[in-house]
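These features come from TrEMBL:
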BINDING   ALA66, VAL67, LYS68, PRO69  NADP(+) binding site
DOMAIN    2-94  domain 'Pyrroline-5-carboxylate reductase catalytic N-terminal'
DOMAIN    157-260  domain 'Pyrroline-5-carboxylate reductase dimerisation'
Amino acid sequence: MKIGVIGVGNIGSILVERFLETKPELKLYIFNRSPQKMEPYKELDGIVCCGNAAEVCEKAEIIFFAVKPQDVSALFEQVRVVEFNEKIIVSTMTGISIKVIMEELGTDRVVRIMPNIPGMIGKGVTGICFSPAISKEKRDLVIELLEAIGSTVEVNEKDFAAVTALSGSGPAFVFVIVEALIDIGLKMGLSYDKARELILHTISGSVELLKEKGNHPGEFRHLVTSPSGTTIEGIYSLEREGLRGTIMKTILDTYNRARKINEDIEKSL
Ligand SMILES: NC(=O)C1=CN([C@@H]2O[C@H](COP(=O)(O)OP(=O)(O)OC[C@H]3O[C@@H](n4cnc5c(N)ncnc54)[C@H](O)[C@@H]3O)[C@@H](O)[C@H]2O)C=CC1
Ligand SMILES: O=C(O)[C@@H]1CCC=N1
């Protein structure tokens, strides 16, 4: 199968590298505006560095658009000449609706996805939504392709801003929390390595426990919390400091930003 990737920055390069690693049968066509981003792929088998975005669209059957939202108008201009017909466009672009892509490029086969950075090791989660014209067979094909970066969760397009906030941007918030935990480990006298190991195992173990048992998180929280013990002291502090509210507000601010990007793009086109 012939796959195109336009924009090989953070997300585009994850897609390219995971396709190369897990699906060597694919033929890849890539293009990046700044050609140095294509350098690492130049000599590799199964990959063709194209001269422009339209060439990628001409040659590939499924084409990933992985540019920043502010570059989308220029990209539309560059690929408007292409007859998309049966081709499928898969957009990673934040805030750009399926309708906008369909109208701008005169196609009815568009998939919108919101991947995330753990896709780098095949452990990402991707929110996905299909335009109605895409058959069940082609939907399954795109989902299978995306297994290269992890699992997929089908959502309504109206929920994309929420997906962007929770899982698209989410890893950044997790990394900030991990950094803070490591820092306080240092403050209490642990080495960086020991603090890091304790924290990563605590987080991944807690996540695995929730996944395996399926309980509400509050049930396990309660198990850890002894009367007059250490945990309740921490929980009391956390509630006084408003951690839950801070987390909720963080996600809501991110969600509102995703909606605003969408609104601004729709106005500008
Ligand atoms: N970084 C992340 O964790 C996630 C990003 N996204 C979305 O994916 C899109 C890409 O994000 P990143 O990879 O982080 O951005 P990036 O800036 O790292 O990569 C975009 C690449 O596209 C290239 N480019 C721009 N216009 C082009 C054009 N017309 N033709 C060819 N190449 C072009 C740029 O040179 C750059 O290398 C954005 O819309 C972003 O919102 C979605 C989910 C997660
Ligand atoms: O920060 C951003 O706009 C993108 C969307 C999700 C993750 N990064």
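Using the three backbone atoms N, Cα and C, a Cβ is placed for every residue, glycine included.
Any TrEMBL annotation is an automated prediction that lacks curation.
On the structure: features taken from TrEMBL.
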residue : record               : CB count, 10 Å
ALA66   : NADP(+) binding site : 24
VAL67   : NADP(+) binding site : 22
LYS68   : NADP(+) binding site : 14
PRO69   : NADP(+) binding site : 16
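DSSP assigns PRO69 (NADP(+) binding site) to a helical segment in the three-state reduction. Apart from the site residues ALA66, VAL67, LYS68, PRO69, the chain places the Cβ of GLY7, GLY9, PHE65, GLN70, ASP71, VAL72, LEU75, THR92, MET93, THR94 no farther than 8 Å from the centroid of the site's Cβ atoms, the recorded NADP(+) location. For the domain 'Pyrroline-5-carboxylate reductase catalytic N-terminal' (2-94), residue counts in helix, strand and coil come to 38 helix, 21 strand, 34 coil, using DSSP. With DSSP states grouped into helix (H, G, I), strand (E, B) and coil, the domain 'Pyrroline-5-carboxylate reductase dimerisation' (157-260) comes out at 89 helix, 0 strand, 15 coil.
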